[in-house]
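Student: First, the structure itself, so that you have it in front of you.
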Amino acid sequence: MSVFRFLLFLSLLVGSNAFVKPQYNVTGQIDSALQRFFGITLPSLKIPDLLNPDKKRNPPSVGQLKKTSFPLCNVNLPPIFFTISLFRIKLPNLIPTALPVIKLPTIKIPNILPTLPTIKVPTIKIPDIIPITLPTIKIPEVVPTNLPTVEIPHFIPKTLPTVKIPNIIPTNFPTIETPDIIPKILPTIKIPEIIPLTLPTVKIPDIIPITLPTIKIPEIVPTKLPTVEVPDTIPKTLPTTKIPDIVPITSPTVKIPQIIPTIKIPDIIPKNLSTLGPIKLPTIKLPTLPHILPTKSPKPTPSHKGNMVCDICEKVIGVLTTRLLEIIQKFRVEADKFLTKLCTSLTSNPKTLTVGTMCVMFKGNIMDTIFKGFDGLKKNLEPVSFCKHVPFCK
């Protein structure tokens, strides 16, 4: 409240500045005192001239203030004397010099990811599904060990009478000597040389030096087979897997009764045998041999069906002819291609045109003469006609 009173007092002093004589200049002293002791500057108030509104708003001088008069109201104020004694008044510190120490509250931020609690898993003992030691199972004796002895009458006698059968078939057969129709040592068969080993050399007139191409005949049966590397699909070392012992290693011991009961079969055959009839043995007919044996080799059947020698011969000749004809056909195609290329190159050049025409004629003649012999060879190598010359296959 004292602060508010002091401020009200200051406002009254400022308001009375207009009515106080200017010689005292109280407001200036107050302003300087406030500024000196408290550091406060009061605002300067400008009072408008309400009586002379048309006058310029210039600050009046000291002489002008002396001459101002108030015609409308004459106020005679007694002279006011101020005795100002300034004392050092200890005012409370409105603005504190040292800021108070503000203790901020410590805020504990909760853990967003809390630590998981340690859960103690209880140890569960799993019972043995299959016990290691199986119990011994005692099988009840279905068949009793001590069976009663039942005596059955003897229908069949213990000792049968011996019956002697006469020897109808003689034991010692007469030895019959058969002549050697098929000789032990077969004769050597010479196959005629239809294909000559050395072919005749055909001399071609050297009209143009020709280098014939070297034709490699393919091997019918390859000597060296290609090595094929098979990738190791199956690993060399297989992983070892341990199979769990589902079935126990030691099987249970089962006691089986060792005593087997003796069962007596009744004698179905009667004791007294009746007189049996005559026993008929089968008659065996031996093959009758001719009285006059042939001196020469036997004549084979006209048809060679079922003859093993003929079958082998025909198969071998058939395979050889097919292989040989394939080789001849390949050689013919390659030779024809080479000669046609040579003749076309000669005929295309005008300088060697005459030689080219001769080449075409020569090509036709030589191909016909060479391969006519091969065609005749094909006819001679028919399996049936060729195998007729082989003995034992006529």
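Using N, Cα and C of the backbone, Cβ positions are placed for all residues, glycine too.
Annotations per Swiss-Prot:
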type     : residues      : note
DISULFID : Cys310-Cys393 : disulfide bond
DISULFID : Cys313-Cys387 : disulfide bond
DISULFID : Cys343-Cys359 : disulfide bond
DOMAIN   : 306-394       : domain 'Saposin B-type'
CARBOHYD : Asn25         : N-linked glycosylation site
CARBOHYD : Asn272        : N-linked glycosylation site
SIGNAL   : 1-18          : signal peptide
Student: Return the residues near Cys343 (disulfide bond) by Cβ distance under 8 Å, restricted to its own chain and a separation of at least 6 in sequence.
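Tutor: When sequence neighbours closer than 6 are ignored, Cys343 (disulfide bond) has Gly356, Cys359, Val360, Lys363 within Cβ distance under 8 Å.
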Student: Distance between Cys387 (disulfide bond) and Cys393 (disulfide bond) at the Cα atoms, whole Å?
Tutor: 7
Student: Across all the protein chains here, work out how many other Cβ atoms are within 10 Å of the Cβ of Cys313 (disulfide bond).
Tutor: 23
Student: Take the C-alpha atoms of Cys393 (disulfide bond) and Cys313 (disulfide bond) and report the distance between them in angstrom, rounded.
Tutor: 9
Student: Provide the three-state secondary structure of Cys359 (disulfide bond) computed with DSSP.
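Tutor: DSSP assigns Cys359 (disulfide bond) to helix.
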Student: Could you check what DSSP calls Cys310 (disulfide bond) once collapsed to helix, strand or coil?
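Tutor: For Cys310 (disulfide bond) - judged by DSSP and reduced to three states - the answer is helix.
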Student: With every protein chain in view, how many other Cβ atoms are within 10 Å of the Cβ of Cys393 (disulfide bond)?
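Tutor: If we count other Cβ atoms within 10 Å of Cys393 (disulfide bond), we arrive at 19.
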Student: Using a 10 Å radius around its CB, how many other CB atoms surround Cys387 (disulfide bond)?
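Tutor: I count 22 other Cβ atoms within 10 Å of it.
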Student: Tell me the Cβ neighbour count for Cys359 (disulfide bond), meaning other Cβ atoms within 10 Å of its Cβ, over all protein chains shown.
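Tutor: Cβ-Cβ neighbours of Cys359 (disulfide bond) within 10 Å number 22.
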